[in-house]
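What follows is a set of notes on a single structure, which appears directly below.
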Amino acid sequence: MEAPRGWLVIMISVLAVSLASSAAQDTCRDLDGRDGAARKPGRPGRPGPKGERGEPGAPAFQTGIRGLKGDQGESGSPGKPGRMGYPGPSGPPGLPGLPGLKGIKGNPGNIKDQRRPAFSAVRQNPPTSGNVVIFDEVITNQEGAYKSQLGQFICDVPGYYYFTFQVVSKWDLCLYIMSSRRDQVQQSLGFCDFNSKGLFQVVSGGTVLQLQRGDKVWIQRDPNKGRIYQGSEADSVFSGFLIFPST
């Protein structure tokens, strides 16, 4: 491209001034000339290289309207297993299990080691007051469960017992086999005999009772029909024994 004439004139002027200045330095400095006339700006130069990245700017204030919620993104990859939590509350009981196998047969028991309470007592010189029939003369009292002063059997071995009585009378007579637990009456079995001729008759009765430790058993008479014969001609007896213990 051919350079404009204006540029050539300027370049020749600058070159002449430089040569004159150089010649003056060898001899003596002359007075500076006047500034040249101002010219029009030249054309823009070519773009320079890309500059370095600047510092981040301050956060801008949100001025626009908030847009709509976007679509749900894809699920991320599973995270690592967490720590074991605290034990939870106990669940409900499970169903009963299947019956176990039959155990090995045990050694035979020793009948001598088994307790076998039993008693039998008759009336000889009992007290006349009260409604409890006292059988004061003991015939047998295995393990001492019968208390002759009270007329009561007090259970010490839980199980099933058989009790029986035979009482002689010449009058109308009603008797009861009584049992109590913690001083509360549990059973009351009545047996009556009506005697209009005044002859010797025997009133008898018996029963099987399941007893726990501390239960009491005795014979009790009706206050209005409770006269018992007392003499050497006939005896009245009260007996009882353990049939088998409770398991």
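Yeah, the Cβs are placed from backbone N, Cα and C, and that goes for glycine too.
The region 'Disordered' annotation in Swiss-Prot covers 26-116. As a summary of secondary structure, the region 'Disordered' (26-116) carries 4 helix, 0 strand, 87 coil according to DSSP.
Sequence annotations record features per position, and here Swiss-Prot assigns compositional bias 'Basic and acidic residues' to 27-38.
The feature 4-hydroxyproline is assigned by Swiss-Prot to Pro41 (among others). Cβ neighbours within 10 Å of Pro41 (4-hydroxyproline), excluding its own Cβ and spanning all shown chains: 6.
Cβ contacts within 10 Å of Pro47 (4-hydroxyproline), excluding its own Cβ and spanning all protein chains shown: 6. The 4-hydroxyproline annotation in Swiss-Prot covers Pro47 (among others).
Among the features that Swiss-Prot reports, 5-hydroxylysine is placed at Lys50 (among others). Just so you know, the Cβ of Lys50 (5-hydroxylysine) picks up 6 other Cβ atoms within 10 Å once every protein chain is counted.
Sequence annotations record features per position, and here Swiss-Prot assigns 4-hydroxyproline to Pro56 (among others). The Cβ of Pro56 (4-hydroxyproline) lies under 8 Å from the Cβ of no residue that sits 6+ residues away along the same chain.
Take the CB of Pro59 (4-hydroxyproline) and look out to 10 A: across all protein chains shown you find 6 other CB atoms. Positions annotated as 4-hydroxyproline by Swiss-Prot: Pro59 (among others).
Per Swiss-Prot, the feature 5-hydroxylysine maps to Lys69 (among others). Sequence-distant contacts of Lys69 (5-hydroxylysine), defined by Cβ-Cβ distance under 8 angstroms and a gap of at least six in the same chain, do not exist.
Neighbour list (Pro81 (4-hydroxyproline), Cβ cut-off 8 Å, at least 6 residues apart, same chain): empty. Residues annotated as 4-hydroxyproline in Swiss-Prot: Pro81 (among others).
Residues or ranges marked as 4-hydroxyproline by Swiss-Prot on the basis of similarity to another entry: Pro87 (among others). Residues near Pro87 (4-hydroxyproline) in space but far in sequence (CB under 8 A, at least 6 apart, same chain): none are found.
Marked as 5-hydroxylysine by Swiss-Prot on the basis of similarity to another entry: Lys102 (among others). For Lys102 (5-hydroxylysine), the count of additional Cβ atoms within 10 Å of its Cβ stands at 6 [all protein chains shown].
Marked as disulfide bond by Swiss-Prot: Cys174-Cys192. The Cβ of Cys192 (disulfide bond) lies under 8 Å from the Cβ of Asp172, Leu173, Cys174, Leu175, Val203, Asp222, Lys225, each on the same chain and at least six residues away in sequence. Under DSSP, Cys192 (disulfide bond) is assigned to a strand (E or B) in the three-state scheme.
Of all the modified residues in the record (Pro41, Pro59, Lys102), the one with the smallest CA separation from Pro47 (4-hydroxyproline) is Pro41.
When the alpha carbons of Pro59 (4-hydroxyproline) and Lys102 (5-hydroxylysine) are compared, the span between them is 83 angstrom.
Of the recorded residues, Lys50 (5-hydroxylysine) and Lys102 (5-hydroxylysine) place their C-alpha atoms 95 Å from one another. Annotation note: Cys174 (disulfide bond) sits in a strand segment as assigned by DSSP.
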